[in-house]
Amino acid sequence: MKLAIIGGDGIGPEVVAQAVKILDVVLPGVQKTTYDLGARRYHTTGELLPESVLAELREHDAILLGAVGDPSVPSGVLERGLLLRLRFELDHHINLRPARLYPGVNSLLAGKPDIDFVVVREGTEGPYTGTGGAIRVGTPNEVATEVSVNTAFGVRRVVQDAFERARQRRKHLTLVHKNNVLTYAGTLWCRIVQEVGEKYPDVEVVYQHIDAATIYLVTEPSRFDVIVTDNLFGDIITDLAAAVCGGIALAASGNIDATRTNPSMFEPVHGSAPDIAGQGIADPTAAIMSLALLLAHLGEDEPAARLDQAVASYLATRGNGRFSTGEVGERIAAAL
């Protein structure tokens, strides 16, 4: 296995370092290459993602990313020039976000809710393509448009992946959209889900409007198994899902090219948190959980399962203790 490692900004290098230590325990011998991409490189060279580096990244089996973003760089520069460019250049059309409430983790929801689902979010279309514009800017008659692009090809490949995941889980798929208002895109999504669903008679399919889905994520999260949705709605509900599962410090994600033509990229959902960078207090759990997703994606099912069990064991026994970044890594390694 050839793994590219991008620590990035803020606490990114710190949490990724712990994930790499865990990797060496659970799967020794992985070939690792570290890339200096982020604010430091941008300030030094003016580069965000050189073509030569992008070409090298393509030669790896997967990418492990820490975090991107720094207050010394104008907002959006690193995010668009590095993070989003990686996703689009490497065709990461699936954003995978598991949502699970582990034993020992407190939820904002009352009681002990049963939460274990996964969101399959389309990652390269919708309103995130940069299609749109503005006229008469700065005048009382300014007009701004943001176009949501949805293609049959793009929707179908994401829906196909979601059905496959549902078949391997509890065989229940929920399409989340807003087809009563977004009629063109909504009709496309509904039709393709229906067409693909004919090949999966064992998977139950239901539809929910995005506003209803946000209610049920809070009031009855156990009804969800696999959620498939577009880029914007997925962006919103995945953060809500993280909030009810213990917060983004425990949220892992995968940006996946399901064709495996390009390396997929795995990262914790949390940001770079520059205010605590270098203090040794950042929680690396989400980065380590992202490593488990990476291993599973590459077919390393046994190490991935062991790592998931080790994380669960750590979370179940940590209590209210506050541990340093290194201590968390050590405890999960010990659980392995």
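Backbone N, Cα and C atoms are what each Cβ position is placed from, and that goes for glycine too.
Feature annotations, reproduced from Swiss-Prot:
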- Arg87, Arg97, Arg121, Asp211: substrate binding site (BINDING)
- Tyr128: site 'Important for catalysis' (SITE)
- Lys178: site 'Important for catalysis' (SITE)
- Asp211, Asp235, Asp239: Mg(2+) binding site (BINDING)
- Gly271, Ser272, Ala273, Pro274, Asp275, Ile276, Ala277, Gly278, Gln279, Gly280, Ile281, Ala282, Asp283: NAD(+) binding site (BINDING)
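Here the features listed in Swiss-Prot are placed on the structure.
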{"residue": "Arg97", "record": "substrate binding site", "Cβ contacts under 8 Å, 6 or more apart": "Val118, Val119, Arg121, Gly234, Thr238, Ala241, Ala242, Ala251, Ala252, Ser253, Val269"}
{"residue": "Lys178", "record": "site 'Important for catalysis'", "Cβ contacts under 8 Å, 6 or more apart": "Gly186, His209, Ile210, Asp211, Phe233"}
{"residue": "Asp235", "record": "Mg(2+) binding site", "Cβ contacts under 8 Å, 6 or more apart": "Arg121"}
{"residue": "Asp239", "record": "Mg(2+) binding site", "Cβ contacts under 8 Å, 6 or more apart": "Ile248, Val269"}
{"residue": "Ala273", "record": "NAD(+) binding site", "Cβ contacts under 8 Å, 6 or more apart": "Gly10, Ile11, Ala67, Ala282"}
{"residue": "Asp275", "record": "NAD(+) binding site", "Cβ contacts under 8 Å, 6 or more apart": "none"}
{"residue": "Ala277", "record": "NAD(+) binding site", "Cβ contacts under 8 Å, 6 or more apart": "Asp9, Gly10, Ile11, Glu14"}
{"residue": "Ile281", "record": "NAD(+) binding site", "Cβ contacts under 8 Å, 6 or more apart": "Arg322, Ser324, Thr325"}
{"residue": "Asp283", "record": "NAD(+) binding site", "Cβ contacts under 8 Å, 6 or more apart": "Val15, Ala249, Thr325, Val328"}
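Here the CA atom of Arg87 (substrate binding site) lies 30 Å from the CA atom of Gln279 (NAD(+) binding site). Sequence-distant contacts of Arg87 (substrate binding site), defined by Cβ-Cβ distance under 8 angstroms and a gap of at least six in the same chain, are Gly123, Thr124, Asn255, Met265. In the three-state DSSP scheme, Arg121 (substrate binding site) is classed as strand. In sequence order, Gly10, Ala67, Gly69 are the residues of the chain that are 6 or more apart from Gly271 (NAD(+) binding site) and have a CB within less than 8 Å of its CB. Each of Ile210, Thr214, Leu232, Phe233, Gly234, Ile236, Ile237, Thr238, Leu240 belongs to the same chain as Asp211, Asp235, Asp239, is absent from that list, and has a C-beta within 8 angstroms of the C-beta centroid marking the Mg(2+) site.
If you draw a 10 Å sphere around the CB of Gln279 (NAD(+) binding site), it holds 12 other CB atoms from the protein chains shown. Arg121 (substrate binding site) counts 27 other C-beta atoms within 10 Å of its own C-beta, drawing on all protein chains shown.
Secondary structure from DSSP puts Gln279 (NAD(+) binding site) in coil. Taking a C-beta cut-off of under 8 angstroms and a sequence separation of 6 or more, Tyr128 (site 'Important for catalysis') has the following same-chain neighbours: Leu84, Asn231, Leu232. In the three-state DSSP reading, Arg87 (substrate binding site) counts as helix.
Of all Cβ atoms in the shown protein chains, 9 besides its own fall within 10 Å of the Cβ of Asp211 (substrate binding site).
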